[in-house]
């Protein structure tokens, strides 16, 4: 063997220590070994994209949804409803001149809209969780006929009106599951509800708008007190 040839050729020891280069077939095997992991990650991304987070009922299926799935989310649901009420009140003020009106005080006397008092155990002083839960649940039950009237008769943003009615009912069901003394919850007498419904349906335009505005105002107050109570439960 010539010196030039031996200088270019690796020694036997060098050949034994030299690792062979990766062939295309080996590259494929190496890559395919990770394919189950890559497939699983891809599948998770597809599932996460395909199934949106559940949220409140009513309104637009995409823009009105919030991650509300249990009683632990009552605070977020109350704030969500309050936002819808605020939007409806602003719309009534802008479009129907229904802002703060002293004449509404007389009409309010003819309505039996629920409100929270100190004896209900929902205020920080004298707070009683079970008494408060019972009263809030009863109050929301009493609001239902007025909110159904709001949903049916409101002439503005009907999606917001529907959202207030539907999500208030969702909140009511969540509170029922949380409370222990649900036997004490007062359910409106059907005959009384029928009479009230007939009275609401027969209202002329000004009184109808006034009733809707008063309902929104009173529900807003009721939910704000309820929100404070939920935060300390």
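Cβ coordinates come from backbone N, Cα and C, glycine included.
Curation plays no part in TrEMBL annotations; they are all automatic predictions.
Feature list (source: TrEMBL):
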type	residues	note
DISULFID	93-99	disulfide bond
DISULFID	122-132	disulfide bond
Give me the Cα-Cα distance between residue 122 (disulfide bond) and residue 93 (disulfide bond), rounded to a whole Å.
31
How many Å lie between the Cα of residue 93 (disulfide bond) and the Cα of residue 132 (disulfide bond)?
32
For a quick check of packing: other C-beta atoms within 10 Å of the C-beta of residue 99 (disulfide bond), how many?
12
Using Cα coordinates, what distance in whole Å links residue 132 (disulfide bond) and residue 99 (disulfide bond)?
31
